[in-house]
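According to TrEMBL:
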- 43-48, 149-150, 174-180, 199-203, 268-271: GTP binding site (BINDING)
- Ser47, Thr180: Mg(2+) binding site (BINDING)
- 365-463: domain 'Ig-like' (DOMAIN)
- 466-504: domain 'Ig-like' (DOMAIN)
Amino acid sequence: MECCMSEEAKEQKRINQEIERQLRKDKRDARRELKLLLLGTGESGKSTFIKQMRIIHGSGYSDDDKRGFIKLVYQNIFMAMQSMIRAMDLLSIQYGNPSNVEKAELISSIDFESVTTFESPYVEAIKALWADSGIQECYDRRREYQLTDSAKYYLSDLARIEKADYLPTEQDILRARQPTTGILEYPFDLDGIIFRMVDVGGQRSERRKWIHCFENVTSIIFLVALSEYDQILFESENENRMEESKALFKTIITYPWFQHSSVILFLNKKDLLEEKIMYSHLVDYFPEYDGPKCDPIPAREFILQKYLKENPDPDSSTARLSLPTTGPQRDANAAREFILRMFVDLNPDAEKIIYSHFTCATDAPKFLDSGTNVTAVIGRDATLTCSVKNLQNYKVAWLRVDTQTILTIGPHVITKNHRVGVSRGDQAWSLTLRDIRMSDGGRYMCQINTEPMITQTHHLHVSVPPDIVNSSSSGEVIIREGENVSLHCSASGTPPPTITWRREDSALMKIGKQTGMHKKLTSDCFNIYMNEYLFEFNGQPVVVSIVPVN
């Protein structure tokens, strides 16, 4: 039949088949692609969240990518210092060192958006200003004006950033502030599913562009900055940032476009809340809050409940909290609980479940304690443990420092040494060495593959139980009363043991000139020479005891 078709008809059929094939492929791809719309007010942490996803689930940042952030880091430093300089006048704060007024004028004269280098005169001026007591007071009052969250992070590390070979770390990139304008998409593959994350500007002027992103949204991720409860809007100094965030959230979840979209509420910047709640009380901005003044967890719970208010299903919030009961952490708990409740209270749809999580988009892995010194007896097992917080998708490796040998990576043993094992607890990674040998002693390193890598050194000391070397020690010696005698005792052990001499009745024998005895140490062998005073001990034989050195 096809042989009777004209060439034109054959070509048309081929094109139709190609179109149908492409449509089927697009349909298959659409099934494995999820569109996530990232929303929130300005500076809630949306772009930082995208960066974190790229580091954890994507390709991360190459050295070339990192070099592209150098200029932005410099600009963030100038922007932060200029914000504090302006606030010095606004808050009527005097400089601790009057000579810093001139340095402030120098920094203020620069258009921070045009900064591309970090030259010495400006670096020294910024260092002097950051050390000024007036600027520090101004920083402590940062809730009264606009200041980026990363100000202290950068200004406290100028010695590293000013170096000629400076290359931003992943933390530098995460903390770099650049307002999002327009619409940015970032796809990443997770277990064969393509997540297409769409980031849109959070300032009011950018929100009118969101409408183009509303089609075919699988989930909305709405970010709230927990730390903004006492801050004012960038666009309007008479409005509270959190009130603006609540209003936007309520508008978003009632849009008809999102009727079938799930909602994920990320209450972000929990680290800043825990720091701020100690001196800025939530009740001063939300009078209905009745929790402890310096407790972040009840405060953030309260705010979340405010967002989900009209939902009658108490199980609709999936936030799960571990509440400490004492210390500074407990003192910040109430604020967090309050914020959680405040956002929960905004949900008008009993059928819509809002999944809530407390986050910190700049969280990086860190060790919870210092390295250890472990002493193990030869022939037994030894365990070295490092505790890591916020490991996420990074890997923990154990290395032998002395030989630069990689022993384990993650849950896998890399070395061929069958005596090496690795195990993981809740936040602990433990290296086990079985049947310890003397050669196992030395330094071991726990390493996390961040950029740059962070490490922790542990020391293993192998001990050998003390023992008397019979072949080098005196046995039974018989002499006449009044004659001199020499008794020898040699002992082995690691660390070297201390040898003492006792009589059979367990009386410790003093050694020294006043007793007519003296001690001579040669290598690990102790010799006692006893003269005519031996009869004072009634001729009782001498026995040896060994005391290990701690």
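Glycine residues also receive a Cβ, built from the backbone N, Cα and C atoms like all the rest.
Distribution of TrEMBL features across the structure.
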residue: Glu43; record: GTP binding site; CB count, 10 Å: 24
residue: Lys46; record: GTP binding site; CB count, 10 Å: 26
residue: Ser47; record: Mg(2+) binding site; CB count, 10 Å: 23
residue: Asp149; record: GTP binding site; CB count, 10 Å: 20
residue: Arg175; record: GTP binding site; CB count, 10 Å: 21
residue: Gln178; record: GTP binding site; CB count, 10 Å: 10
residue: Asp199; record: GTP binding site; CB count, 10 Å: 22
residue: Lys269; record: GTP binding site; CB count, 10 Å: 26
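DSSP classifies Lys269 (GTP binding site) as coil under the three-state reduction. The two recorded residues, Gln178 (GTP binding site) and Ser47 (Mg(2+) binding site), have Cα atoms 8 Å apart.
On the 0 to 100 pLDDT scale, the model's mean across the domain 'Ig-like' (365-463) is 90. Each residue in the domain 'Ig-like' (365-463) gets a DSSP state, and the totals come to 3 helix, 55 strand, 41 coil. Closest by Cα distance to Ser47 (Mg(2+) binding site), from the binding-site residues Arg175, Asp199, Lys269, is Asp199.
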